[in-house]
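> Pasting in a structure now, in structure tokens, and then I'll have a few things to ask.
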Amino acid sequence: MSSWSVLRSIQNADRVNEHRVRKGVSRRIVRFAGPYRRDIAVFLLTVVLAAGIGVATPLLAGEVINAITAGGSGAAGAVVRIALVIAGLAVADALLSLAQRWYSARIGEGIILDLRTRVYDHVQRMPLQFFARTQTGALVSRLNNDVVGAQRAFTSTLSGVVSNVIQLALTAAVMFTLSWQITALSLLLLPVFIVPARRVGKRLAEITRESYDLDAKMNATMTERFNVSGALLVKLFGRPDNEAARFGERASRVRDIGVQQAMYSRTFFVAMLLVASLAQALTYGLGGWLAVRGNVSAGTVVTLALLLTRLYGPLTALSNVRVDVMSALVSFDRVFEVLDLKPGIAEKPDAVPVPAGSGRIEFRDVRFRYPSADQVSLATLEDVSTLDRTEQEEVLTGLDFTVEPGQMVALVGPSGAGKSTTSMLVSRVYDVTGGTVLVGGVDVRDATLESLRDTVGVVTQDSHLFHETIADNLRYARPGATEEQMWEALTGARIAALVRALPDGLDTVVGERGYRFSGGEKQRLAIARLLLKQPSIVILDEATAHLDSESEAAVQRALAEALRGRTALVIAHRLSTIREADQILVLDKGRIVERGRHEELIGAGGLYASLYRTQFTEAVI
Ligand SMILES: Nc1ncnc2c1ncn2[C@@H]1O[C@H](COP(=O)(O)OP(=O)(O)O)[C@@H](O)[C@H]1O
Ligand SMILES: [Mg+2]
């Protein structure tokens, strides 16, 4: 399609420009536009028709003048007939403009939809590391601003290029045919305008980019400071004045930019209008002079003057098109950049399900290092110029152990030993970098994600509940759960009485702006969520670590229910739990240094014995 070649040529011209867009971006844009081929074709047709009408009307106006100056008996009738045609064209033009907007909006909004859903879907599949590193606000603004910016490539910029080129070509052709002398002269003023106009356009683009950046920064600040923990920190350290000052600084820069932007664009517009009006005056003067001498007709002068306004508009628009297209391409590129990030965990096409009810976990010489920053993130999302490439240290250096079905295995060790990391490898939050993790005899990398999630249930230190109703949160584990099943799970988790006492019961909204559950209550809700899923393997990562002893006791009772009849891998600090374990694995610096039962390990007098003295807390019940 010709429009694409226009775009490509512009982009090629810009390869030499300072803002480098990665190769192949325009090809990818074309692929994105593929589903809209027919809409685009119809849209282009309306553009051509509208350009035709735009030229026809001034021509007809000239005819009216000529009919008037010619006089004679038929003149009155001719004038009325022409006026009627002009009216008809005006109606057609109005309809065309509506159709044009309809199609361009459909194409533009459709592309926004595609990009947004693609990016959202992609981002949620990123490894956990990615979310730990990126600033949420920057990510959100990428999903909003850049997607919208990218869309402009299609609607305003691209359609602008096409319609302006067509309008310009048609108008110029007609004008030169009518009188090349007048046309040439009136175009003399153009360079006077275009050279500074390009400057202004470039500056405008720079300002716009800066304002995007600042917007993203303000967003990031707000999302960081306006959540409960951020707000609490500000209060505890008594820094609201500093925070306000910092925010005010950024916000006032946004104001300055807004003012500059307004003035630059108005200056641009006024200058264009002025030059077009001056050129029109020139046409009237020169054309009128020629008409009086009889070289051209009066109608031609009027036609030329009217056409002139249709010439300057597109010319100025096209003079800045490079910058527009560039910023649109940059936006697309920023979106593609996110789409190109390698997703974390993907299911193999020939994945097999973990056998239902599997209870066996096996680690074979498992090694693991966390991915380095440049593997999982983007510098532009972290507010840094380059990402760290240095390889992370190996966190697990060869783990071998088996948890037999129905067993409870306790994982103990000093902080930073790799216990949480080990637990995350079972549910495949990360993939091992060496060795194999098997669940139910299946390498987790060969298993379908759904069957793995169904088999393995996890409760961590700070369980997260979405800002939704209790029922919604529970159904997250099992979408089809009935109310009865939910009450059963809540009862098992020892939280049913509390939920029943709430005025809205299961429909109580949880979270920052909803009902605030205490840490222990949240843990028990998380356990209810896990019970609803009925996994055959349960992993507990210090599920009671952050609780006071009273709520710990309650959670402990709920956990006893959760563990009954299931295989369990428990990272614990409570002696009573560890004592009950069929096997204790003592982890230090990423390797198992001791294994056995409580008495044996105490007797051995190694790391376990010293942990026993210093870290393990006594039973509270
Ligand atoms: N997301 C992460 N990225 C990089 N390193 C990590 C990450 N999480 C943990 N680590 C490192 O891995 C090691 C083991 O951490 P972890 O498994 O959380 O230990 P534990 O749960 O035994 O306290 C620590 O040295 C820690 O700094
Ligand atoms: Mg941990």
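If you go along the chain as it appears here, the first residue is 1 and each next one adds 1.
Any Cβ shown, glycine's included, is placed from N, Cα and C.
In case it helps, TrEMBL gives these features for our protein:
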- 41-327: domain 'ABC transmembrane type-1' (DOMAIN)
- 379-614: domain 'ABC transporter' (DOMAIN)
- 40-61: transmembrane segment (TRANSMEM)
- 73-96: transmembrane segment (TRANSMEM)
- 153-172: transmembrane segment (TRANSMEM)
- 178-197: transmembrane segment (TRANSMEM)
- 268-290: transmembrane segment (TRANSMEM)
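Can you tell me where each of these features sits in the structure?
For the transmembrane segment (178-197), same-chain residues at least 6 beyond its ends with a Cβ under 8 Å from one of its own Cβ atoms are 172, 268, 271-272, 275, 278-280, 282-283, 286-287, 290, 296, 300-301, 303-304, 308, 311-312, 315-316, 319-320.
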> Looking at the stretches 40-61, 73-96, 268-290, which one shares the most CB pairs under 8 Å with the transmembrane segment (153-172)?
40-61
> Can you tell me which parts of the same chain pack against the transmembrane segment (73-96), counting only residues 6+ beyond its ends and a CB-CB cutoff under 8 A?
46, 49-50, 53-54, 56-57, 60-61, 63-64, 67
> Any idea what the model's mean pLDDT is for the domain 'ABC transporter' (379-614)?
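Per the prediction, mean pLDDT sits at 86 for the domain 'ABC transporter' (379-614).
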> Please report, as numbers and ranges, the same-chain residues at least 6 past the borders of the transmembrane segment (40-61) whose CB is under 8 Å from any CB of it.
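Hits for the transmembrane segment (40-61): 1, 3, 33, 82, 85-86, 89-90, 92-93, 96-97, 99-100, 103-104, 107, 159, 162-163, 166-167, 170-171, 174, 299, 302-303, 306-307, 310.
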